[in-house]
Amino acid sequence: MDFSSTVASQLNAGVILPEGLVIITLMVVLVGDIILGRNASRQLSYVAIAGLLGSVVALYFQWDNSQTIGFLGGFNGDNLSIVFRGTIVLSTAFTILMSIRYIQQSGTALAEFVSILLTATLGAMFLCGANDLVMIFLSLETLSISSYLLTGYTKRDPRSNEAALKYLLIGAASSAIFLYGVSLLYGLSGGEIRLDAIAAQLTDLSSGQSLGVAIALVFAIAGIAFKISAVPFHQWTPDVYEGSPTPVVAFLSVGSKAAGFALAIRLLVTVFGQVTPEWQFIFTALAVLSMILGNVVALAQTSMKRMLAYSSIAQAGFVMIGLVAGSDDGYASMVFYLFIYLFMNLGAFTCVILFSLRTGTDQIAEYSGLYQKDPLLTLALSICLLSLGGIPPLAGFFGKIYLFWVGWQAGLYGLVLLGLVTSVVSIYYYIRVVKMMVVKEPHEMSDTVKNYPPIRWNLPGMRPLQVGLVLSLVATTLAGILSNPLFNLANSSISNSSVFQTASTPVILSESIINRQSLSE
Amino acid sequence: MLSAFILLPVLGAILISLVPNTNPNQNRPRIIALLFGGVILLWNVILGFQFDPSQTAMQFTEYIPWISWLGFNYHLGLDGLSLPLLFLNSFLTLIAIYSSNVNIQRPRFYYALILLLSTGVAGAFLAQDLLLFFLFYELEIIPLYFLIAIWGGGRRTYAAMKFLIYTALSGILVLAAFLGLVWFSGASTFDYEPLREQVIPLGIQLWLLAALLVGLLIKIPIFPFHTWLPDAHVEASTPVSVLLAGVLLKLGTYGLLRFGVGLFFEAWITLAPWLATLAAISALYGAFAAIAQQDMKKVVAYSSIAHMAYVLLAASASTPLALTAAMFQMISHGLISALLFLLVGVVYKKTGTRDVNVLRGLLNPEKGLPIIGSLMILGVMASAGIPGMVGFIAEFLVFRAAFPIFPLQTLVCLVGTGLTAVYFLLMINKVFFGRLTESLSQLPQVDWGDRIPAIILALFIVILGLQPSWMVRWSETDATALVVSPSLLSQVAQAPDQALSLGDELSMNVLPSRSGNN
Amino acid sequence: MELQLEYFLLLGAALFCIGIYGLVTSRNAVRVLMSVELLLNAVNLNLMGFSNFLDPVEIKGQVFTVFVITVAAAEAAVGLAIILAIYRNRDTIDMEQFNLLKW
């Protein structure tokens, strides 16, 4: 038999074509930066965006692919992973749009920033499709280590340093704890690293094993909860959000979080299917704490970035309702919400970046009276924040309705009611900012706004920011009204994904064993 | 056809916000808003003529599937319950736009918001899908928040925030009830009509209805959920007050009829005595609180609470007659409170105060505000239920329908009506009669522009008072359809007279035979 | 006496606990980083033990360990770089001094 063709079909390397494109882009940016020097860095970031869009196209063509397992079970490019990878790639593209001006103004190298960001994207994308423990660990660390670097990117700013250090130490510790849980899984399954194989080994638990599984579960959840910044694993979030460069925060709040949720779905549903009530209980607790603490503490914030940090904690709490619901619809609602969250949160961050570029501050009080000087910014930020607060007919409203409805169907009445109540609280702090911008009289205008520079979009790097702003504004406004296709997309991404079938049927599992045997022969 | 009520105002709002800021002609936003308001009102009148009041089914329905998986559809329909309220909305929106200050700050934003508000309210009245109703119910919050927070009085931010929190809370309770209803009934859609056939155990129905009720009672508002209303009214500018009292409160009572009675009839009957008692308490509370007020606007605001309680009383009686009465009372209150707020607004504009202890003798024909004063007296009489005006018919119908079922509560409410006369006469007496004080004697002339909307409203009040069947005939059939559900006919049979055609009975104009007031 | 899997696991768990203790009590950022390394080494011990006893043919655990060591090196490099940067800016690596950001 022709060896190479066997290996090729075994590897099925085509499933990581989107990642391949990102890698090539990364190489082009790196090498291009070395060859062309600093002057070309802006063009290189456009190249990066083009590469990312190419990756989205590749993802599109892989939709409903029948051969989703690649690399001998190491990677699973099913529809679920495609949706999450798409979300991550888009969030990176948006992040690059908003970072060009920001990074240049901060006096650091843009192309390097883009390279690190692309690496983080790569880690996040692989994490969404990772199907064995080594793969999960490696992609998780690729994402994490690049995130630490991004957080500390403005290295002359002590706040950025401090944020990076805190993020690094807490992150490294949590990934070590996660890894300890993973090592227990390896042992408990009798030496398996593929998720479905582990699940098959864990079907009938003896008492000693079930204790081991419980410990593994808790440790694994600690790692996941850190990534999605669920209370009580959220301590890093406000500090990192406040200290690090704002585009990085935007990426962390969407891209990194989406990857965390993808990991959560895959790991919990596949491996811990036997202890579903247990992990659902833990996540109920996490969701309750996140919604309450995130929303309540956000009320007291004076810095825009810190407020958005707590708001993102609270939003993670809402998304967890879908996870706890544990049904296909529940996961679909998570996918849908994260996709919508991408636009509204990145839109809000674009506005924050724009404001801080023009004025150099992030304090909420400094926004007062902004409507007179910058109507577009005011409109965009208002729409994005109101959408985050779930005001109809904006996108966030539909996302929340879907989540709550799914939770309600799953019988999580308490959780849904808590979600409803805390979303009223969230309206309060979102509208506080809107009030600051829109309601204040001209004479109440803050000094910063009084000295607001004239709006000039033709400065270098401002155009992409404007494009990002308008795109996210349009998406936030229309995604709700035109949400039916998105709903269907989210639903079919779940219903056609092999995760949820392998958890119940061992068919693919036995195939994979055969595959492995044929390889070892 | 019905989508025009939703799309036209949005279109208007967009157009207005596109008017260049630098334009020296500050009136352009106002003109556009007036134009759109007029077109909407005209469209409403045309629809009214094409509307067939004898049909119980929804008319002019529009149906577009929106989110198929959720069973959420863009489904609009018009029936006898929504048509009068829709008309009230279009009419008062136009009046509010017209009576807005011509030199208002930030006119583009202001008129755009008023039009958006009109969208939200119209959409809620037209929605035939529970989630769609909720969507519009929430949609109206933000424009109103800004309208109070930007163009309000001294404590406007506080009042606006209070309004926002209360209404948002009300919204989520309504949503929770809707989600629960659809889930427990096992329906696959949020569509209104199929859900009317639901069979849910009474225990669960009661819980769902309780959530819905608390949500809607906040909106109406009924004591003890009312505290946001006086603040909102006092701080809001006159046109916003007109809209708030005239239309927005009706969202709550409309929700009661449409969803409370329509969807949870069995539970509704169970809770009805409590609701009637609550209504009686609220009516008394509103009346007594109104007596104690020094601010004219607060008097009217508290009288609003008292009068909206009658709607709850009638709704809790839930016979066809009572529901027609509830509809009538809504319209009547919408017109009367709009008139009163307009007039208080004029008084405030001309004198700079609303304090009843400062104002004196404004009826003075030479230097006072005689026409405004006369209209005020007319409005007050209508509100107190003097025959010949719309308030009398409405209250008479309410008490007539509720008395056989809840005699005690109705009697308490009758006392409340009596108190209406007391507090309004106190106010009128202080403000309009007596000697005009020196400080008030140099009042600027009231131009006709300020009088016209009030005069039109007064005309409506008198006409509907003399010809109530013009109003009743719209909602009668549908009010009957709302309660007559086959299994519950026995309940309905309690009130013997509802089979009669109310329109005929009323056009004979029942002479006043009311007890215990005036 | 035969070497049993439990011994490896116990050693791993002990190392893990020491690491956690160090993580919580250390004030010096480098010491915190070292504690994280201890945690990772505990994981390595676990993996090696399991690999030897349960998976002696494909030795996936040992392969995993190689990856963990590699990643730990990368993490340490990044961590030290960040500590170096913060030392240049602040002249200290005492964790308690890092209070520019607080909730």
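Count begins at 1; order follows the chain as displayed.
Here the Cβ of each residue, glycine as well, is placed from N, Cα and C on the backbone.
Keep in mind that TrEMBL annotations are predicted by a computer and have not been checked by a curator.
The following features are taken from TrEMBL:
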DOMAIN    A:13-100  domain 'NAD(P)H-quinone oxidoreductase subunit 2 N-terminal'
TRANSMEM  A:20-37  transmembrane segment
TRANSMEM  A:83-103  transmembrane segment
TRANSMEM  A:110-127  transmembrane segment
DOMAIN    A:130-425  domain 'NADH:quinone oxidoreductase/Mrp antiporter transmembrane'
TRANSMEM  A:133-153  transmembrane segment
TRANSMEM  A:165-188  transmembrane segment
TRANSMEM  A:208-228  transmembrane segment
TRANSMEM  A:248-269  transmembrane segment
TRANSMEM  A:307-325  transmembrane segment
TRANSMEM  A:331-355  transmembrane segment
TRANSMEM  A:376-398  transmembrane segment
TRANSMEM  A:410-431  transmembrane segment
TRANSMEM  A:465-487  transmembrane segment
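Only residues 6 or more beyond the boundaries of the transmembrane segment (A:165-188), in the same chain, are considered here, and those with a CB under 8 A from a CB of the stretch are 133, 136-137, 140-141, 144, 147-148, 151-152, 198, 201-202, 209, 212-213, 215-220, 222-224, 226, 233, 235-236, 239-240, 244, 271.
For the domain 'NAD(P)H-quinone oxidoreductase subunit 2 N-terminal' (A:13-100), the model's pLDDT averages out at 90. Residues 311, 315, 340-341, 343-345, 347-348, 350-352, 354-355, 370, 423, 426-427, 430-431, 433-434, 437-438, 455, 469-470, 472-473, 475-481, 483 of the same chain sit 6 or more residues outside the transmembrane segment (A:376-398) yet have a Cβ under 8 Å from a Cβ within it. Counted with DSSP, the domain 'NAD(P)H-quinone oxidoreductase subunit 2 N-terminal' (A:13-100) comes out as 73 helix, 4 strand, 11 coil. When Cβ-Cβ distances under 8 Å to the transmembrane segment (A:465-487) are tallied for each of A:20-37, A:110-127, A:133-153, A:331-355, A:410-431, the top count falls to A:331-355.
Ranked by the number of CB pairs under 8 Å to the transmembrane segment (A:410-431), the listed stretches A:110-127, A:133-153, A:248-269, A:307-325, A:331-355 are led by A:307-325.
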